[in-house]
Amino acid sequence: MIRDQAKTPGRAKSAAAAKASPAAKGGGNEAAQSAAGKAAAKPAAKPATSKSGKGVIAVAPPSFRRERALLKQGIWPVAGCDEAGRGPLAGPVVAAAVILDPNRIPKGLDDSKRLSAEQREALFDKICKTSAFAVAFASPARIDRDNILRASLWALSRAVRALPEAPKHVFVDGRDRIDVDCHCEAVIGGDGLVMSIAAASIVAKVTRDRLMCALAQDCPGYGFEQHKGYGVPEHLAALDRLGPSVHHRSLFAPVVAARRKHQPWADVPEPDLFADVTVVTSSEIALGA
(Lines of atoms letter the chains of each structure in order from A and count residues from 1; the text may use other names and numbers.)
(Lines give C-alpha, C1' and ligand atoms only; values in the text may rest on other atoms or scores of the structure.)
Protein backbone atom coordinates (compact mmCIF):
# COMPACT_ATOMS: atom_id res chain seq x y z
CA MET A 1 0.00 0.00 0.00
CA ILE A 2 1.33 3.44 -0.88
CA ARG A 3 0.43 6.53 1.08
CA ASP A 4 1.43 10.12 0.60
CA GLN A 5 2.71 11.55 3.87
CA ALA A 6 0.68 14.64 4.58
CA LYS A 7 2.66 17.81 5.19
CA THR A 8 0.82 19.26 8.21
CA PRO A 9 2.03 22.51 9.80
CA GLY A 10 3.73 22.01 13.16
CA ARG A 11 1.10 24.02 15.04
CA ALA A 12 -1.72 21.86 13.68
CA LYS A 13 0.11 18.72 14.83
CA SER A 14 0.65 20.19 18.31
CA ALA A 15 -3.02 21.20 18.58
CA ALA A 16 -4.19 17.76 17.50
CA ALA A 17 -1.87 16.10 20.01
CA ALA A 18 -3.10 18.37 22.78
CA LYS A 19 -6.75 17.54 22.06
CA ALA A 20 -6.02 13.81 21.98
CA SER A 21 -4.10 13.67 25.29
CA PRO A 22 -5.92 12.67 28.54
CA ALA A 23 -4.55 15.73 30.32
CA ALA A 24 -6.08 18.10 27.78
CA LYS A 25 -9.50 16.51 28.23
CA GLY A 26 -9.23 16.76 31.99
CA GLY A 27 -10.14 13.11 32.49
CA GLY A 28 -6.67 11.52 32.64
CA ASN A 29 -4.76 10.46 35.72
CA GLU A 30 -1.02 10.47 36.35
CA ALA A 31 -0.66 6.86 35.23
CA ALA A 32 -2.35 7.59 31.92
CA GLN A 33 -0.19 10.67 31.45
CA SER A 34 2.93 8.66 32.27
CA ALA A 35 1.95 5.92 29.79
CA ALA A 36 1.20 8.51 27.14
CA GLY A 37 4.56 10.11 27.78
CA LYS A 38 6.39 6.80 27.39
CA ALA A 39 4.48 6.02 24.19
CA ALA A 40 5.35 9.42 22.79
CA ALA A 41 9.00 8.97 23.72
CA LYS A 42 9.20 5.58 22.00
CA PRO A 43 10.08 6.02 18.30
CA ALA A 44 7.55 4.60 15.86
CA ALA A 45 8.58 1.86 13.46
CA LYS A 46 9.72 3.34 10.18
CA PRO A 47 7.92 2.04 7.09
CA ALA A 48 9.79 1.44 3.88
CA THR A 49 10.04 4.68 1.93
CA SER A 50 10.81 5.74 -1.59
CA LYS A 51 11.30 9.10 -3.23
CA SER A 52 9.07 10.56 -5.89
CA GLY A 53 8.59 13.90 -7.54
CA LYS A 54 5.95 14.69 -4.90
CA GLY A 55 8.16 13.91 -1.92
CA VAL A 56 8.57 10.86 0.29
CA ILE A 57 5.96 8.12 0.25
CA ALA A 58 5.50 5.30 2.73
CA VAL A 59 5.51 1.83 1.18
CA ALA A 60 4.14 -1.14 3.11
CA PRO A 61 5.41 -4.58 2.04
CA PRO A 62 2.97 -7.20 0.74
CA SER A 63 1.26 -9.37 3.33
CA PHE A 64 0.02 -12.95 3.63
CA ARG A 65 -3.31 -11.71 5.05
CA ARG A 66 -5.52 -12.69 2.11
CA GLU A 67 -3.97 -16.14 1.75
CA ARG A 68 -4.18 -16.80 5.50
CA ALA A 69 -7.87 -15.84 5.59
CA LEU A 70 -8.61 -18.41 2.89
CA LEU A 71 -6.49 -21.03 4.65
CA LYS A 72 -8.56 -20.57 7.83
CA GLN A 73 -11.69 -21.26 5.77
CA GLY A 74 -10.18 -24.49 4.47
CA ILE A 75 -9.55 -23.04 1.01
CA TRP A 76 -6.10 -24.23 -0.01
CA PRO A 77 -3.90 -24.29 -2.04
CA VAL A 78 -3.94 -20.63 -3.05
CA ALA A 79 -1.81 -19.37 -5.94
CA GLY A 80 -0.57 -15.93 -6.89
CA CYS A 81 0.37 -15.10 -10.46
CA ASP A 82 2.05 -12.24 -12.29
CA GLU A 83 3.88 -11.60 -15.53
CA ALA A 84 6.98 -9.78 -16.73
CA GLY A 85 7.71 -8.30 -20.13
CA ARG A 86 4.59 -6.56 -21.41
CA GLY A 87 6.42 -3.40 -22.44
CA PRO A 88 9.59 -4.56 -24.25
CA LEU A 89 10.08 -4.55 -28.02
CA ALA A 90 11.69 -7.99 -27.98
CA GLY A 91 11.41 -11.30 -26.21
CA PRO A 92 8.43 -13.15 -24.75
CA VAL A 93 6.05 -12.32 -21.96
CA VAL A 94 6.88 -14.58 -19.02
CA ALA A 95 4.11 -15.52 -16.59
CA ALA A 96 4.60 -17.24 -13.24
CA ALA A 97 2.24 -18.86 -10.75
CA VAL A 98 3.37 -19.58 -7.18
CA ILE A 99 1.84 -21.46 -4.25
CA LEU A 100 3.69 -20.44 -1.09
CA ASP A 101 4.18 -22.82 1.82
CA PRO A 102 2.58 -21.02 4.80
CA ASN A 103 5.27 -22.42 7.09
CA ARG A 104 8.24 -21.59 4.85
CA ILE A 105 7.63 -18.14 3.43
CA PRO A 106 10.94 -16.51 2.40
CA LYS A 107 11.67 -13.28 4.23
CA GLY A 108 11.88 -10.09 2.22
CA LEU A 109 9.29 -10.87 -0.46
CA ASP A 110 8.20 -7.72 -2.27
CA ASP A 111 7.13 -6.38 -5.63
CA SER A 112 9.98 -7.27 -7.99
CA LYS A 113 10.14 -3.64 -9.16
CA ARG A 114 11.06 -2.54 -5.63
CA LEU A 115 13.97 -4.97 -5.38
CA SER A 116 17.48 -4.85 -6.77
CA ALA A 117 18.67 -7.51 -9.19
CA GLU A 118 20.74 -9.09 -6.41
CA GLN A 119 17.75 -9.22 -4.06
CA ARG A 120 15.55 -10.75 -6.76
CA GLU A 121 18.10 -13.45 -7.51
CA ALA A 122 18.46 -14.39 -3.84
CA LEU A 123 14.69 -14.51 -3.28
CA PHE A 124 14.17 -16.42 -6.52
CA ASP A 125 16.32 -19.29 -5.26
CA LYS A 126 14.46 -19.34 -1.93
CA ILE A 127 11.06 -19.36 -3.65
CA CYS A 128 12.11 -22.26 -5.88
CA LYS A 129 13.23 -24.29 -2.87
CA THR A 130 10.16 -23.69 -0.70
CA SER A 131 7.20 -23.23 -3.05
CA ALA A 132 5.28 -24.89 -5.86
CA PHE A 133 5.50 -22.88 -9.06
CA ALA A 134 5.16 -22.94 -12.82
CA VAL A 135 6.21 -20.64 -15.64
CA ALA A 136 4.68 -20.07 -19.08
CA PHE A 137 5.88 -18.07 -22.07
CA ALA A 138 3.96 -16.10 -24.69
CA SER A 139 6.21 -15.77 -27.73
CA PRO A 140 6.61 -12.59 -29.82
CA ALA A 141 4.60 -14.36 -32.54
CA ARG A 142 1.69 -14.96 -30.18
CA ILE A 143 1.89 -11.35 -29.01
CA ASP A 144 1.71 -10.20 -32.64
CA ARG A 145 -1.31 -12.39 -33.32
CA ASP A 146 -3.33 -11.93 -30.12
CA ASN A 147 -2.09 -8.50 -28.88
CA ILE A 148 -0.04 -7.99 -25.74
CA LEU A 149 -2.92 -8.10 -23.24
CA ARG A 150 -4.50 -11.30 -24.55
CA ALA A 151 -1.11 -12.99 -24.85
CA SER A 152 -0.27 -12.04 -21.27
CA LEU A 153 -3.57 -13.35 -19.91
CA TRP A 154 -3.11 -16.54 -21.93
CA ALA A 155 0.33 -17.09 -20.42
CA LEU A 156 -0.93 -16.41 -16.88
CA SER A 157 -3.72 -18.94 -17.34
CA ARG A 158 -1.33 -21.56 -18.69
CA ALA A 159 1.09 -21.03 -15.80
CA VAL A 160 -1.69 -21.65 -13.26
CA ARG A 161 -2.84 -24.78 -15.11
CA ALA A 162 0.73 -26.09 -15.10
CA LEU A 163 1.09 -25.99 -11.31
CA PRO A 164 1.84 -29.40 -9.78
CA GLU A 165 -1.28 -29.04 -7.60
CA ALA A 166 -4.49 -27.38 -8.79
CA PRO A 167 -5.23 -24.27 -6.70
CA LYS A 168 -8.66 -23.59 -5.22
CA HIS A 169 -8.22 -19.81 -5.39
CA VAL A 170 -6.01 -17.63 -7.57
CA PHE A 171 -4.85 -14.06 -7.05
CA VAL A 172 -3.73 -12.27 -10.21
CA ASP A 173 -2.07 -8.89 -10.46
CA GLY A 174 -4.01 -6.25 -12.37
CA ARG A 175 -7.59 -5.56 -13.43
CA ASP A 176 -8.26 -8.66 -15.51
CA ARG A 177 -9.16 -12.11 -14.26
CA ILE A 178 -7.84 -15.13 -16.10
CA ASP A 179 -9.36 -18.37 -17.37
CA VAL A 180 -8.74 -20.95 -14.64
CA ASP A 181 -10.73 -23.80 -13.07
CA CYS A 182 -11.27 -22.06 -9.73
CA HIS A 183 -12.20 -18.68 -8.31
CA CYS A 184 -9.90 -15.95 -9.62
CA GLU A 185 -9.49 -12.61 -7.87
CA ALA A 186 -7.85 -9.70 -9.69
CA VAL A 187 -5.97 -7.31 -7.41
CA ILE A 188 -4.83 -3.96 -8.77
CA GLY A 189 -1.27 -3.39 -7.57
CA GLY A 190 -1.31 -6.94 -6.27
CA ASP A 191 2.44 -7.45 -6.57
CA GLY A 192 2.83 -4.89 -3.79
CA LEU A 193 -0.09 -6.13 -1.68
CA VAL A 194 -0.41 -9.92 -1.89
CA MET A 195 2.57 -12.01 -0.90
CA SER A 196 1.98 -14.86 -3.33
CA ILE A 197 1.67 -12.39 -6.22
CA ALA A 198 4.90 -10.73 -5.11
CA ALA A 199 6.62 -14.12 -5.21
CA ALA A 200 5.26 -14.73 -8.71
CA SER A 201 6.49 -11.32 -9.85
CA ILE A 202 10.01 -12.24 -8.74
CA VAL A 203 9.94 -15.63 -10.47
CA ALA A 204 8.64 -14.09 -13.70
CA LYS A 205 11.14 -11.22 -13.68
CA VAL A 206 14.22 -13.33 -12.93
CA THR A 207 13.21 -15.98 -15.45
CA ARG A 208 12.72 -13.41 -18.19
CA ASP A 209 15.95 -11.55 -17.39
CA ARG A 210 17.92 -14.79 -17.65
CA LEU A 211 16.18 -15.69 -20.88
CA MET A 212 17.02 -12.31 -22.43
CA CYS A 213 20.67 -12.79 -21.50
CA ALA A 214 20.56 -16.12 -23.34
CA LEU A 215 18.92 -14.47 -26.37
CA ALA A 216 21.71 -11.89 -26.37
CA GLN A 217 24.14 -14.67 -27.22
CA ASP A 218 21.88 -15.82 -30.05
CA CYS A 219 21.47 -12.28 -31.44
CA PRO A 220 24.52 -10.20 -30.50
CA GLY A 221 24.58 -6.48 -31.08
CA TYR A 222 21.18 -5.53 -29.67
CA GLY A 223 22.25 -5.45 -26.03
CA PHE A 224 19.46 -7.69 -24.78
CA GLU A 225 21.57 -8.59 -21.76
CA GLN A 226 21.57 -4.94 -20.69
CA HIS A 227 18.07 -3.61 -21.38
CA LYS A 228 16.16 -6.93 -21.55
CA GLY A 229 14.39 -5.84 -24.73
CA TYR A 230 12.93 -2.57 -23.48
CA GLY A 231 12.88 0.43 -25.81
CA VAL A 232 15.78 2.37 -24.31
CA PRO A 233 17.85 4.65 -26.59
CA GLU A 234 20.62 2.06 -26.97
CA HIS A 235 18.13 -0.56 -28.12
CA LEU A 236 16.41 1.80 -30.55
CA ALA A 237 19.78 2.73 -32.03
CA ALA A 238 20.71 -0.94 -32.51
CA LEU A 239 17.31 -1.64 -34.03
CA ASP A 240 17.77 1.20 -36.49
CA ARG A 241 21.28 0.01 -37.31
CA LEU A 242 20.69 -3.75 -37.57
CA GLY A 243 17.00 -4.09 -38.30
CA PRO A 244 14.68 -6.45 -36.38
CA SER A 245 15.75 -9.87 -35.16
CA VAL A 246 13.59 -12.98 -34.96
CA HIS A 247 13.02 -12.17 -31.29
CA HIS A 248 11.44 -8.76 -31.90
CA ARG A 249 7.70 -8.13 -31.73
CA SER A 250 6.83 -7.42 -35.34
CA LEU A 251 3.84 -5.13 -34.76
CA PHE A 252 5.39 -2.79 -32.18
CA ALA A 253 5.90 0.63 -33.79
CA PRO A 254 9.73 0.95 -33.51
CA VAL A 255 10.11 -2.56 -34.94
CA VAL A 256 7.77 -1.75 -37.83
CA ALA A 257 9.81 1.37 -38.61
CA ALA A 258 13.09 -0.58 -38.55
CA ARG A 259 11.68 -3.27 -40.85
CA ARG A 260 10.53 -0.67 -43.36
CA LYS A 261 14.03 0.77 -43.42
CA HIS A 262 15.91 -2.53 -43.77
CA GLN A 263 13.34 -4.75 -45.50
CA PRO A 264 10.81 -2.50 -47.25
CA TRP A 265 9.66 -5.39 -49.43
CA ALA A 266 9.04 -7.83 -46.58
CA ASP A 267 5.63 -8.60 -45.11
CA VAL A 268 5.11 -9.14 -41.41
CA PRO A 269 6.17 -12.76 -40.78
CA GLU A 270 3.47 -15.34 -40.24
CA PRO A 271 3.15 -16.08 -36.50
CA ASP A 272 4.90 -19.26 -35.43
CA LEU A 273 3.28 -20.04 -32.10
CA PHE A 274 6.06 -22.04 -30.51
CA ALA A 275 5.35 -20.83 -26.97
CA ASP A 276 4.11 -23.65 -24.77
CA VAL A 277 3.88 -24.04 -21.03
CA THR A 278 7.15 -24.95 -19.42
CA VAL A 279 7.21 -26.16 -15.83
CA VAL A 280 10.64 -25.25 -14.60
CA THR A 281 12.86 -25.77 -11.60
CA SER A 282 15.58 -23.52 -10.25
CA SER A 283 18.31 -25.26 -12.23
CA GLU A 284 16.31 -25.30 -15.46
CA ILE A 285 15.73 -21.54 -15.28
CA ALA A 286 19.45 -20.84 -15.13
CA LEU A 287 19.52 -20.04 -18.83
CA GLY A 288 22.83 -18.76 -20.05
CA ALA A 289 24.46 -19.41 -16.68
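Note: Cβ is positioned from N, Cα and C throughout, glycine not excepted.
Feature annotations, courtesy of Swiss-Prot:
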- Asp82, Glu83, Asp173: divalent metal cation binding site (BINDING)
- 7-24: compositional bias 'Low complexity' (COMPBIAS)
- 31-55: compositional bias 'Low complexity' (COMPBIAS)
- 76-264: domain 'RNase H type-2' (DOMAIN)
- 1-55: region 'Disordered' (REGION)
Glu83 (divalent metal cation binding site) CB neighbourhood, other CB atoms within 10 A: 27
Neighbour-count leader, CB within 10 A, binding-site residues: Asp82, Asp173: Asp82
For the divalent metal cation site built from Asp82, Glu83, Asp173, further residues of that chain with CB within 8 A of the site's CB center: Cys81, Ala84, Ala95, Ala96, Leu156, Val172, Gly174, Gly190, Asp191, Ile197, Ala200, Ser201, Ala204
